[in-house]
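Okay, structure first, notes after.
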Ligand SMILES: Nc1ncnc2c1ncn2[C@@H]1O[C@H](COP(=O)(O)OP(=O)(O)OP(=O)(O)O)[C@@H](O)[C@H]1O
């Protein structure tokens, strides 16, 4: 029975949450007719059409389209059997008028010459704007006409149009209707059309009046006008709406109208018994119902990857990319800017830290006249070891370092006061008899009194509220003191190295003077690429989905997998350049050292970009719009970054958190990349391979989850 109809909707229920949008709705569209679906805004027309084309799952009832169920293998719906013009324009703004039509032609696997022929016909019929005009530069009405042309390009068996005539001038509207009448008559095409201009539906063979998720009536316009003795369809609709409100009008039944011969519109009451509400003229289909449509059954969509569709999608993605100058600029320069800023701002030597100095010894001597000669003279008498003069001046000379800006104070209290007010970062105090006690400290050695030790000590108070500055200064002071001590010991003729700490530290990898930047480079590479991949993917996919391009393409027969793969192909290509940019900036421009394989490093960074894309894909699937996507993206990315060991080694975390952190997408990859760049390890080392492995697992996980969610989400 269903085969007789182009569309057969039987007691369909569709809910959004708990709200029933379609309430056991029944609708029958014979083949080769124009069916006008009328109803107020929000009554569920779009929801019904989306369900018919297989873009929404229904919660009850059945839908048959061209004898098959939408979405079922071999039904051809979604696919080339249907032409769908959604309410939104649902075209790519970066397309020219011609591109838009060619895009759908290629998706429907039409020959290029045929697409061109159809394009010329539709161009004339619909008065399309010039071929090369970008859609984003077309008016709303022009875009709508292009959208209409795109749904007609392949001469579908069933044409579904959601408000195609909005914003179209009356002459052209009339021409569109005439064209619809012509194609239904000559080619037996079936058309379902929704419109706000109720009266234009007089040209339809049948209309369905819809209200609050139900069809109030389903008949030919002439019969409805006769039945309700009305001049206009508006009046009919008004009367039916009133009756529905008064509870006198049940919905249209799914049962076949058996007594059509009696010229009655049949409705079913709430108990299920059928009643005739009026006697009217017979519903006419102005032409035969010869089934030329079923002969087109070769037009089925295959679920496997299709070359022509993939080509069309790749072309679309490429045009979307290269015609969006701001987008290109952002995608290509963002990694350079990011890593450039990082290299310039992070890990450089800290300079000019203000250090307060109170040198009580300088009350007795003037350091500006100080000469290093004679400040440490080996002793000639048998008890002495070495004689010192003005050692405080000699030590202060060693503090002439770019990191330290010496600020002299006369009084210790004043210096401490300034330190507490943040004017200086630390205070250094040297006692008045520092030189003498330093000499005695060496002479007496193990017998030195604590007072001597105390007075020969340089005392420092530090502001450690900025730990990085405080700690850097602290280590620098110790370093400078060691240099100073070694220098005077050398002058005294002591054995070389006596002034050093008795700890000899050597390095397998890296060296003592390596800046903090080197530690952070792998983390910054990985996080920049991951973030770029995620941003790019989520933005592009959400834009596609919001513009309706995704949905429309799927109705045309494209599969989610094809869309996903083609997006990934383009973005993965962009990632190739972005990864290269990062490496060039860091290793060629900033001349950072590395010992491992550059190819392996490239691969690892690149794969993280792909992992980011997969993550961005998942974010785009679970997000309803851009702002939600941005929130989810950054909301998850930031904690992942903090746990990644980028800023602080994971060894500093509580054990359970460390294990958790290591399972995250880029924690282990950062460590692995460090192992390659600093240690020269290769991929056969497990501690390199595991980082790549975790990234790959996350890529597969996010990708699979996204595809699953897309399928489930309709
Ligand atoms: N994804 C969704 N989630 C929740 N509610 C939705 C969703 N889509 C639509 N709705 C609601 O379902 C109802 C029917 O929407 P629908 O778009 O089908 O109406 P319509 O008759 O096509 O309206 P219009 O003529 O204005 O396009 C509306 O109340 C709408 O707010």
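Note: Cβ is positioned from N, Cα and C throughout, glycine not excepted.
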Feature transmembrane segment in TrEMBL, mapped to one of the ranges 481-503, 596-618: 596-618
Stretch carrying transmembrane segment according to TrEMBL (options 516-536, 537-557, 663-683): 516-536
Same-chain residue ranges lying at least 6 outside the transmembrane segment (569-590) that approach it to Cβ under 8 Å: 314, 317-318, 321, 331-332, 335-336, 339-340, 343, 521, 525, 528-529, 532-533, 536-537, 540, 598, 601-602, 605-606, 609-610, 613
Stretch-averaged pLDDT - the domain 'ABC transporter' (7-237): 89
Ranked first among 596-618, 630-648, 688-710 for CB pairs under 8 angstroms with the transmembrane segment (516-536): 596-618
Distal contacts, the transmembrane segment (630-648) - CB-CB under 8 A, six or more residues away: 520, 523-524, 526-527, 530-531, 534-535, 538, 616, 619, 622-623, 657, 660-661, 664-667, 670-671
Long-range neighbours of the transmembrane segment (596-618), counting only residues six or more past its ends (CB under 8 A): 525-526, 529-539, 541, 564, 567-568, 571-572, 575-576, 578-580, 582-583, 587, 633, 665-666, 669, 672-673, 675-683, 688, 691-692, 695-696, 698-703, 705-706, 709
Same-chain residues at least 6 beyond the ends of the transmembrane segment (688-710) whose Cβ lies under 8 Å from its Cβ atoms: 560-561, 564, 600, 603-604, 607-608, 610-611, 614-615, 617-618, 620-622, 662-663, 665-673, 675-676, 681-682
